[in-house]
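Note sheet for the following structure.
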Amino acid sequence: MALHMPPPVSPKITGPLAPRTEGKGLVLTCQSRGGRPLPKLVWYNGTTRQPPVRSVSRVLHKSESVSSELVLPFLTRWDNGANISCVADQGFPKIAPPRSTFRQIHVRYAPVVSVPEPVVQAVEGAPVNMTCDVDSNPAAEVLWRKFGGSLPEGAQQRGPVLTIPKVTRPDAGIFQCRADNDVKPAGFGTTTLEVLYAPSIKPSFEPEVSVLYGQEVFRQDCTAEGKPRPRVRWLRHDTHRLYDNPLTLAPVTYQAEGRYVCVASSVGFPDANRETSINVIGRPDVLSDPSTTSLAGGDSIRLTCTIAADPPPDSLVWTFRGQDGEETRYHGGKNGDVTVTTVVTDRIRSVLAIDSAYAWHSGDYVCKATNMFGSDQEEFRVRVKGSKWVLIAAIIVSVATGILLVTIGILCLGLRRGWIFCRKANGTADRPDIDPGLYTSPQVDHEISLPSSFDIRADPEKADLCQRDLMARRFKPLPPAKLPPGRFQPVQPEHHTSYVWTEAVPDYSSTERLRPTDDRRLPDQKQQPRGDGAATFCRSARRVDGLGKPTTDSARHETDWRTAHSRKAAAEDYRHRRKQIIAILAD
């Protein structure tokens, strides 16, 4: 039966007890006495098992023991404070639990310096702290210094911390901390102090600058300082327009004249301003553009000439050049019907006014200004048209003439087409159409007349039939006869107008009567038979006597025509008379 006996005491670690310097080695020995069976020795660095260099078992004074050596050839700063443990284990944890012991290692190493804030910013007048973090064994002494100068007045060193109660601009710079604990080498760290302050503008330009008009390029630089570096721009007072720095004007004109402000801006600080006035001097400059003005006669006109000049112009003259080439000069005040007025403000305004412009005012008006540096001029063209009242009258006359011509045209067309009849006051036709073919009787004391009911407005259908009948026969009714004075006299019965022959006629002309069945008209005047009755209506004229009363058949034959000349002589005389009547009617 096997006997198990645990070691009476825990293992023991032996070796150098003094701290070791970084970079050197270390040898440790672990020994365990007693116990059956002898335990095994295991080395641990913290929780990490370390392999032993050599393990020996031997009997001391009749007691058995076991020992083991651990060699660390190169110690580092990370070994400082490490726990090295030795564990004696028999392999029966339930019967004989393992026994262990440990030892802490101390390593001396040089200071290591780290700077948490390589750049420290502080507003001028405020306190600031600068810190160096130092890792060393043993603890190191920290000293501060400033490159290129001494520490600020009132600076306080508290270990790795340097405090400046009130920072000024000269305090800005590079500061170094030095840590030393007698372990070489010493540790160093640097930090940069930036002092922030509001922008300011250096007096690099005058409050007023004079520039010659027409100069190609003018530049004005504005120098500003501040932390952080300010942005510099130019602001024009009257327009609030911004310009980059340096201020550049190219070319120089009177429009560039004014007050300019240099503005330096930094984040977190108010802007810095410095103002200058740019004064442009030189010859006059007419700012008005050339123009052409057209107006009606009688209207008023105002020509404005705006001038910039420094010094002011010695002479300001308007010159009028008419269409005939002659020139007229106008100075200030009243010049006939032309008035020249000059107003001086920041600019010079000369106004030429004409209350009532007419054709002779047409031409070119030249505004010219002159001073000690030179002159400038501008031209204005004026064109005066006819009076507006003449134009209105011409329009009215044209419209009235057009209306009259259209009215006359309509009347003529209506008369020609038969749409309109000229009626007398009693409602009868003034000049009735008379078919010459109806005048077949040699006696002229009776006249042919259209019936009073033949009115184109009252009976348009019969009028249309009559017209178609006449056109079908290629025959149009002759116009009313132009009778010589004294030969016919109008007789106005109740419903129509007739014409009566007033001269003396031969006896046979009053006694010979045409029989109702005779037709002595010319062949081309004879009525052609028509079935629609239109021709019969158109020629249904009634014979009237000298008093305008209708005659009867018995009245027409009351005188025996055989008692006159022979029928042959009567016929010849009738034909002669008939030709005369036809000729008169044709006229």
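Every residue, even glycine, has its Cβ placed from backbone N, Cα and C.
Unlike curated entries, TrEMBL annotations are predicted automatically.
According to TrEMBL, the protein has these features:
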REGION    1-20  region 'Disordered'
COMPBIAS  1-10  compositional bias 'Pro residues'
DOMAIN    7-88  domain 'Ig-like'
DOMAIN    111-194  domain 'Ig-like'
DOMAIN    199-279  domain 'Ig-like'
DOMAIN    284-383  domain 'Ig-like'
TRANSMEM  389-415  transmembrane segment
REGION    510-562  region 'Disordered'
COMPBIAS  510-529  compositional bias 'Basic and acidic residues'
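Counting Cβ pairs closer than 8 Å to the domain 'Ig-like' (7-88), the top stretch among 111-194, 199-279, 284-383 is 111-194. Sorting each residue of the domain 'Ig-like' (199-279) by its DSSP state yields 3 helix, 43 strand, 35 coil. Summarised by DSSP class, the composition of the domain 'Ig-like' (284-383) is 3 helix, 68 strand, 29 coil. Broken down by DSSP into helix, strand and coil, the region 'Disordered' (1-20) contains 0 helix, 5 strand, 15 coil.
Within the model, the domain 'Ig-like' (284-383) shows a mean pLDDT value of 92, rounded to a whole number.
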